[in-house]
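Novice: The structure is given below, and queries will be raised subsequently.
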Amino acid sequence: MQSAAISYSPSISVSTKPRNPTQSPSLYRFNISSSKRLCFFNGSFSLNTVNCSARRNGWVSGPTSEPREPDSEGFAVRAISVPESPSASESPKSSSGMETFVLGTLFGLWYLFNIYFNIYDKQILEVYPYPLTITLVQLAVGTLLVMFMWIFNLYKRPKISSRQLATILPLAVMHTLGHLFTNISLGKVSVSFTHTIKATEPFFSVVLSAMFLGEFPTLWVVSSLLPIVGGVALASMTEASFNWAGFWSAMASNLTNQSRNVLSKKFMTTKEESLDNITLFSLITIMSFILLAPAAIFIEGVKFTPSFFQSTGLNVREIYIRSLIAALCFHAYQQIAYMILQRVSPVTHSVGNCVKRVVVIVSSVLFFRTRVSLINTLGTAIALAGVFLYSRTKSIKLKTKIA
């Protein structure tokens, strides 16, 4: 059995009521204008200027008695025959299930790539204490991946104006500094402690949003910041690997990363300047590489050559492989994070980021066998609970605005 699927504009009058008691149930009349009728009978359409009616033995057409008016324009009527299927009503559920599966897979990959990045990055920085060079290599690999996607049309290459580049420039500067400070911190302290400190990102987000965007927090938001700050302070007091260079580098990473987010809200607002998240991150990666290259070479020199590694007794092959894996994982988890952000609300993304931090901390403690005391664990748990509470209070605030 087949049914008709018809699309029409709101200006079209549709009537499915039989014209007389003897009319065939398969006859429908569609009033397109006062002078035209679209008749449907037994799977066929007819558009003419006469009335359509049906009798038991066939069609009877007569001239329309209605006065003619100018035909309405600016609409289209399309009709297709589609088979009725019992599974048609199940397609929304199937689509929803597939979307949930894809989203769950993305979250899993986000966490997995983040774990591998932190582990390999820490291993390299322990034997190769040149964070600028390591950061430059990771940005270079990301730049090559972006160029590969654009050249082979895996993702649409954007058309960028000079005004857009000028707008993105401060974002690229903040991104470069944020990534560099994270690598400096990872080289100085344990992975778990770096991410415990980075749990204070909401604090910097609230302060910077109030200063530059005029978005003042509610009492509940401010209250959620207290366990974050208190938990980080408690964890810092009992951290075995604590040193001030690692601590302040992680804090600087929070400041620069949240500055980047605030600048994104402040500047990327006009229709001309707005870009999708993945394109924006791709452009920021390329610009960050260009910005950091001169500084890295000037400060640390060219120290990523085989001859340099051999002179220091390092395994060239191991360093190159681990550096490449860390760089690929860094770019992959950043890209996936933006893909998730396109599918969920910022609040859901924030909660997912909180869970990711827990997963990274636990994984690094187990992998590196980091010594943690009970008080240190308690402080980390309090800080992460504060981050989760912050996400929930932001969700309540968002729902209040919508209402």
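For all residues, glycine too, the Cβ spot is worked out from N, Cα and C.
Sharing the feature lines straight out of TrEMBL:
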REGION    1-24  region 'Disordered'
TRANSMEM  101-120  transmembrane segment
DOMAIN    102-391  domain 'Sugar phosphate transporter'
TRANSMEM  132-153  transmembrane segment
TRANSMEM  165-186  transmembrane segment
TRANSMEM  206-234  transmembrane segment
TRANSMEM  278-299  transmembrane segment
TRANSMEM  319-338  transmembrane segment
TRANSMEM  374-391  transmembrane segment
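Give me the structural setting of these features: burial, nearby parts and distances.
Specialist: Same-chain residues lying 6 or more positions outside the transmembrane segment (132-153) and placing a CB less than 8 Å from one of its CB atoms are 121, 124-125, 176, 179-180, 183, 282, 285-286, 288-289, 292-293, 295-296, 299-300, 303-304, 323-324, 326-328, 330-331, 334.
Taking Cβ pairs closer than 8 Å, the transmembrane segment (165-186) reaches residues 118, 121-122, 125, 131-132, 134-135, 138-139, 194, 197-198, 245-247, 249-250, 252-253, 256-257, 259-260, 263-264, 267-268, 273, 280, 283-285, 287-288, 291-292 in its own chain, all 6 or more past its ends.
Note on the transmembrane segment (278-299): residues 132-133, 135-136, 139-140, 142-143, 146, 149-150, 155-156, 158, 160, 165, 168-169, 171-173, 175-176, 179-180, 264, 268, 331, 334-335, 338-339, 342 of its chain, located 6 or more positions outside it, place their CB under 8 angstroms from a CB of the stretch.
Residues 192, 196, 199-202, 221, 224-240, 347, 350-351, 354, 357-358, 361 of the same chain sit 6 or more residues outside the transmembrane segment (374-391) yet have a Cβ under 8 Å from a Cβ within it.
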Novice: Should anything in the same chain at least six residues away from the transmembrane segment (319-338) have a Cβ under 8 Å from its Cβ atoms, list it; otherwise answer none.
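Specialist: Contacts of the transmembrane segment (319-338) (Cβ under 8 Å, skipping residues fewer than 6 from its ends): 106, 109-110, 113-114, 116-117, 120-121, 123-124, 127-128, 134, 137-138, 140-142, 145, 277-278, 280-281, 285, 309, 349, 353.
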Novice: Looking only at the domain 'Sugar phosphate transporter' (102-391), what is the model's average confidence as pLDDT?
Specialist: 91
